[in-house]
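Visitor: Here it is: the structure, laid out below.
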Amino acid sequence: MTTSAMDQSSSSPAMSFTVLASTAPVLAPRVGKLAIAGRKTIATPHHVPLTSRGTVPHVAHDVMRQHTEINSLYAGLEDFIARKQPPVYNTPAADHESPLKKFICVPEDMPLILGPRRFPPIPCPPANTSSSIALLTSTGFTQLDAHDYVQAVQKLRPDIAVGMVDLANKQPGSKRRARMVDRTHAWNRDALEQLYGPSVAEEKKAKSAYFAPILPLDNAQQSLYLDDLESEFRWDISGLALYQSASLGFVPESLADLPRLLFSEPETPHTILRDISLGADLLTTPLLGVSSDAGIAMDFVFPVPDVLQDGSAKPRPLGTDMWKSDHAVDTSSLGEGCTCYACKNYHRAYVHHLLVAKEMTAWAILQIHNFHVMDAFFAGVRESIQRGTFEQDVRMFNCVYTSAMPESTGEGPRLRGYQLPANGPNQPRRMPKAYGLLDGAAQKFAASQSEVATPDAGADELEEQGFAEKA
Amino acid sequence: MLCHRLLARHPTRLFSTALSVSIATMSTTAAPPLKKMPSALTFDRHAKCSTTKARACTLHLPHGSVPLPIFMPVATQASLKGLTYDQLRETGCMLCLNNTYHLGLKPGQAVLDAVGGAHKLQGWDRNLLTDSGGFQMVSLLQLATVTEEGVRFLSPHDGTPMLLTPEHSISLQNSIGSDIIMQLDDVIATTSPDHARIKEATDRSIRWLDRCIAEHKYPERQNLFCIIQGGLDLELRKQCCEEMVARDTPGIAIGGLSGGEAKEEFCKVVDTCTEILPEHKPRYVMGVGYPEDIVVAVALGADMFDCVWPTRTARFGDAIVSSGTLKLSHKSYADDFSPVEEGCQCVCCRPTDQGGLGLTRAYMHHITAKETVGAHLLTIHNVHYMLTLMGKIRQAIIDDQYPAFLRKFFSDIYGGDRSKFPAWAVGALRGVGVDLLADS
């Protein structure tokens, strides 16, 4: 099946999504190509590298260009709007350029997806309102007005903008569910109107492709909204943003040719494979960064190479904990036979040393490696789907590898306030107490005690300490 | 075990007849005719400033040639704060530092031996210099006491008593395999009012140098540098210079400075030492790294410098530029879309059409002190700035334009206002024949 989602009537002719291989329109794995004029093409299924304040954590811009295959980025607007007059809006850029890309200093050909919130978002205690959502900037909680978000999209010109969505912090009740649908419906209707509506002059129409959110609710609960997506909004939206794997089952067949961006937090590659088998095209994989921070070098290959398919062996771990002291003198690469920049230039003993020494380079090296593993994993997935062996390959993968990522035994990098959940009641301390009023005094006391020659010391010791002698 | 080895030593007490009385009365045990120390370096002198004592040289080390004068960035724990070694290579760095004290604790000597040295550990194929660990004993540890056998301190990990002797320090540095190794010296603050203690430290450093030379296993591939001590007492410095020069180490360091002393005093010490030190050996002023200090020290005849300041200040969001430093975390840079420094050729500042990253001050403001990447990028810029500065200094010396360079350098920093030029720099440079306040 080959479908071109975008016909001439589309308001976003810059983006096209082509399905190259698939067995069913929905709920089946598929291989596709997401092409945006003048940008790197994204072969799907693919993971979306997540940014924090416009950077892929620990991966400096030059490292990203030279040693990773990163070919798309996701950014949350909340990372850029802490100030009253956010500088990002003042970035000088030509009409065809994205001020946001200019601001974060990434090349124009890097496909950039913008959403209201970073991913994974920190839950915000303040409630969303009918016209705004609560979010967390580096200076605290604030509200982002739906209208302001649309303006941000117009000004920042990302390649893909994800529509604003009203998500609940906890399992929503029936009233809240109704509100979620109503608000999301209204916000997206207004956004499409302001971005591409008939009242907008042709040259003013937004160039960004728009991904409409599908709420993490049952089909029936949001049927009105889905109906509108299928009819009224159909030609203005270029893709769907989903917030739970189950939503993949609620994609109406008439919207099947749209790319599906799944915002979820898969804990293992097994979950990623399940989401792909349900038809996800673009997936967020926070587990990549989480592993790097935890000092874990990911180590899994899809499809499982023949040498590992001997059935009898114990399940293989999905990664290696570099904190373990077994690596202290191990000069082998992070992943066996891995060809990434990190593995070609550095070894386990070094990464172990850097982690123990709390050096930032450890996370940089681990990120390079883990991105390579994840890129290779998705490349393997695409080939497997195209070959038509995906189902067997997934089964084999599930057999060969353990069901959970290894647990980390060390500490990650220091987290900043905007990366941490808000303080709740009885929350344990984030960091051990560094200073205490009496700690210094206690230490001095202990030290002075050991300096004093005590009767239980031997004669030699007393002599060495200069008994009854002024220091 | 170390103590045991120490006790087994019976240093022959010999006074070298060649030494003058004043030196012989110092309580140093001049080592017996020292084992002849081979040198693992060659030192080419290319040019000497016709006015000042500045020199342009090349230091050929086992892992490549280093143009002098040079600034050496400090990769304390075998990594330059977040950078890969390719990023460091791209700044032009040929020689960087590791710290013996830190590597001795983590990963430890056994690991270094098993891996095959620090070059192999960190994947760095250019030169390494390790300092002896003496400075960390004093700067990091409250409870360090120095005795003749070595430095006693409590392990920062578990509080067990430990002892660092000259022998242990050299043995560690032999395991690290650095191209330049430093003797263990008795470091005390130059501002110490206790003159007797300063004299004791100086004499002890000389005695420890002998023990270091005796212990050094690989003089044919690692260069041991002595460290001149003597606080701010010029007489003591002179004596120490003469004693240490007699030991004929491949290179010479001036230590114990940058400890909060007045800049005038610092300049006097460097000036006094370089007067005595042989022309044909590299001179390394330890722990000095502000651009102003470096340009003046070069004029006073020093060749090598190291300091954590450029890389540390980068992590706080400060960029070094020709007009001083920019505190990029300040809100005035939030909307500044110019590069960190216009015309800078580092990968961060170079515009995208020249293959650079085209980073702006606004973006650095956005991520500095918030994302580790901010630290990585500014570290690259600052190290590149320091190395470019050293390259310009070298070229000015070769062109015999160093006095003019000095005037322009200070003029750039103080916006052309000569009344703001620091008096210590004006004074020190006047001493070597440069009038900063004159028209160029």
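Placed from the backbone N, Cα and C atoms, the Cβ positions cover glycine too.
Pulled the feature table from TrEMBL, pasting it below:
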- B:52-412: domain 'tRNA-guanine(15) transglycosylase-like' (DOMAIN)
- B:Asp131: active site, proton acceptor (ACT_SITE)
- B:287-293: region 'RNA binding' (REGION)
- B:Asp306: active site, nucleophile (ACT_SITE)
- B:311-315: region 'RNA binding' (REGION)
- B:Cys344, B:Cys346, B:Cys349, B:His381: Zn(2+) binding site (BINDING)
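So that I understand the layout, could you describe where these features sit and how close they are to other parts?
Guide: Looking only at the domain 'tRNA-guanine(15) transglycosylase-like' (B:52-412), the predicted model's pLDDT averages out at 93.
Other Cβ atoms within 10 Å of the Cβ of B:Asp131 (active site, proton acceptor) number 31 in total over all chains.
Reduced to three states, the DSSP call for B:Asp306 (active site, nucleophile) is strand. In sequence order, B:Phe71, B:Met72, B:Pro73, B:Val74, B:Leu97, B:Leu129, B:Asp131, B:Tyr284, B:Met286, B:Gly287, B:Val288, B:Gly289 constitute the residues six or more apart from B:Asp306 (active site, nucleophile) in its chain with CB-CB distances below 8 Å.
The list of residues near the region 'RNA binding' (B:311-315) in space but at least 6 beyond its ends in sequence, with Cβ under 8 angstroms from a Cβ of it, reads 73-74, 80-81, 325, 369, 375, 378-379, 381-383.
Cβ environment of B:Cys344 (Zn(2+) binding site): B:Val321, B:Arg350, B:His381, B:His384, B:Tyr385, B:Thr388 lie under 8 Å away, each six or more residues apart in the same chain.
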Visitor: Which one, from the binding-site residues B:Cys346, B:Cys349, has the smallest tally of other C-beta atoms lying within 10 Å of its C-beta?
Guide: B:Cys346
Visitor: Report, as a single number, how many Cβ atoms besides its own are within 10 Å of the Cβ of B:His381 (Zn(2+) binding site).
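Guide: Within a 10 Å radius of the Cβ of B:His381 (Zn(2+) binding site) lie 25 other Cβ atoms.
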Visitor: Below 8 angstroms Cβ to Cβ, which residues of this chain, lying six or more residues outside the region 'RNA binding' (B:287-293), approach it?
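Guide: Hits for the region 'RNA binding' (B:287-293): 71, 135, 255, 257-259, 263, 266, 305-310, 320, 386, 389, 409-410, 413, 422, 425.
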Visitor: Go ahead and report the DSSP secondary structure tallies for the region 'RNA binding' (B:311-315): helix first, then strand, then coil.
Guide: 5 helix, 0 strand, 0 coil
Visitor: Within 8 Å of the centroid of the Cβ atoms of B:Cys344, B:Cys346, B:Cys349, B:His381, which other residues of that chain place their own Cβ, given that this set defines the recorded Zn(2+) site?
Guide: B:Pro339, B:Val340, B:Glu341, B:Gln345, B:Val347, B:Cys348, B:Arg350, B:Ile380, B:His384, B:Tyr385
Visitor: Tell me, by DSSP, whether B:Cys346 (Zn(2+) binding site) is helix, strand or coil?
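Guide: B:Cys346 (Zn(2+) binding site) sits in coil per DSSP, no helix or strand.
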Visitor: DSSP-wise, what's the residue breakdown of the region 'RNA binding' (B:287-293) into helix, strand and coil?
Guide: 3 helix, 0 strand, 4 coil
Visitor: Using DSSP with the three-state reduction, classify B:Asp131 (active site, proton acceptor) as helix, strand or coil.
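Guide: Going by the DSSP assignment, B:Asp131 (active site, proton acceptor) falls within a strand, counted as strand.
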